[in-house]
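A.B. asks: If you scroll down you'll find the structure; I have some questions about it.
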Amino acid sequence: MTSYAVFFYGSLRDPELLRRVLGRETAPETEPATLDDHCLRRVAGEDFPCLVPSPGDRVFGALIRDASADEVARVRFFEDEEEYALRDAPVRAGSGGEILPALVCFPVGPTTAAGPWSFDDWPEAERRALREAAVEIMAHYEAGTDWSDLTLWPGLKARAAARARVLREAPGPRFPGVDFSAAQVETARLARPYASFFAVEEHHVSYPMTGGRRSDTVRRAVWLSGDAVTVMPYDPAADTVLLVTQWRAGPHARGDAHPWPVEVIAGRLDGVEAPEAAARREAEEEAGLALGRVERIASFYSSPGAVAEHVTAFVGEADLSDAGGAGGLEVEAEDVISAVIPFAEAMEMVERQEADTSPALISLLWLARHRDRLRAEWAA
């Protein structure tokens, strides 16, 4: 059987990521190697590098000599051949200086390079997220479907970042008297009938039940959208809040006669972005607000029976004296209408059942409980 030498210089130097891409049970044996007359640069807007010609420089990496034809095909698929292609290049193996031809990934066309990229300095959060992304990417390979369209990649990254995030979180709260764990859930089959900016997964699972029983294998469909944040700006001096609305696909699909619900500022986390950083970014994008102090309300699943979205909600200090109007990103066709509302009036909206989204209700009810403290601390 023909085998191939392949040189990895970027994220695929990570043994666990490489194992997942190659589809092996264990990480492959690698040896140190170098590629002359090149340097590494981060691809602008991404968390992975590309090769840039640079006479006299040297790129360090890892070499495998026993890749099968299928494994080479898997690497080509992961790298997206339309953007980055494997081609032969002379590589120096080990410390002895042996030069041999190996497959190396090069950009197909012009690539916008940012600053230097170092495998040793590659953040662990980005590393974990790309490992999770590889699971979904290689599932497309095994299913014979494409993954490289522009709408799929941002959503795939968001879903991967969410899975990586939960792996490093402390275990969540337990319901009193219930000691079940994810390790006791058995997956018979996982299918992805739809994957784009959002995705649908079908999980065929059995799980533990009370009294030592197990469920039959059941099919459960889940909507995946990545993790999200919400933030309600609050002006302690004026005792006002900022609420927003925009056309929403969910109420529209339900047949709501007025699909412009009452909301707080919201958005998805951008890759491995921290929740508070995302909240501040969204406040700037949707309402043009630079938040001061921020308090975390809670993290929660918005609809755990069928939706994987995990939301972290905040209240943020803001000067709302000149706030309100329309905002949002034009490239996302956003028309976010915001209004500054006195706290008492906002609570009347709650009483009249006009606050019809869970983050708005949670944020307003939380503020009702903590308002006196925040006014004392933030308005001081």
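Our numbering is plain: 1 for the first residue shown, then up by one each step along the chain.
Even glycines carry a Cβ here, placed using N, Cα and C.
Any TrEMBL annotation is an automated prediction that lacks curation.
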A.B. asks: Please identify which of Ala266, Ala298, Ala318, Ala346 is recorded by TrEMBL as part of the Mg(2+) site containing Glu282, Glu286, Glu334.
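C.D. replies: Answer per TrEMBL: Ala266.
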A.B. asks: Write down the single range among 106-128, 198-220, 267-289 that appears in TrEMBL as motif 'Nudix box'.
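C.D. replies: Among 106-128, 198-220, 267-289, the range TrEMBL annotates as motif 'Nudix box' is 267-289.
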A.B. asks: Quick check: which same-chain residues outside Ala266, Glu282, Glu286, Glu334 lie with their CB within 8 A of the centre of the Mg(2+) site CB atoms?
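C.D. replies: These residues sit around the Mg(2+) site: Val244, Ile265, Gly267, Glu285, Ala287, Gly327, Gly328, Val336.
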A.B. asks: Helix, strand or coil: which one is Glu334 (Mg(2+) binding site) in, per DSSP?
C.D. replies: coil
A.B. asks: Near Glu286 (Mg(2+) binding site), which residues of its chain come within a Cβ-Cβ distance under 8 Å, counting only those 6 or more away in sequence?
C.D. replies: Val244, Ile265, Gly267, Gly327, Gly328, Glu334, Val336, Ser338
A.B. asks: Validating a neighbour-count step here. Other CB atoms within 10 A of the CB of Glu282 (Mg(2+) binding site): how many?
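C.D. replies: Counting Cβ neighbours of Glu282 (Mg(2+) binding site) within 10 Å gives 26.
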A.B. asks: Count the Cβ atoms, other than its own, that fall within 10 Å of the Cβ of Glu334 (Mg(2+) binding site), considering every protein chain shown.
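C.D. replies: Its Cβ has 15 other Cβ atoms within 10 Å.
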A.B. asks: By a simple count, how many Cβ atoms lie within 10 Å of the Cβ of Ala266 (Mg(2+) binding site), its own Cβ left out?
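C.D. replies: Its Cβ shell of radius 10 Å holds 22 other Cβ atoms.
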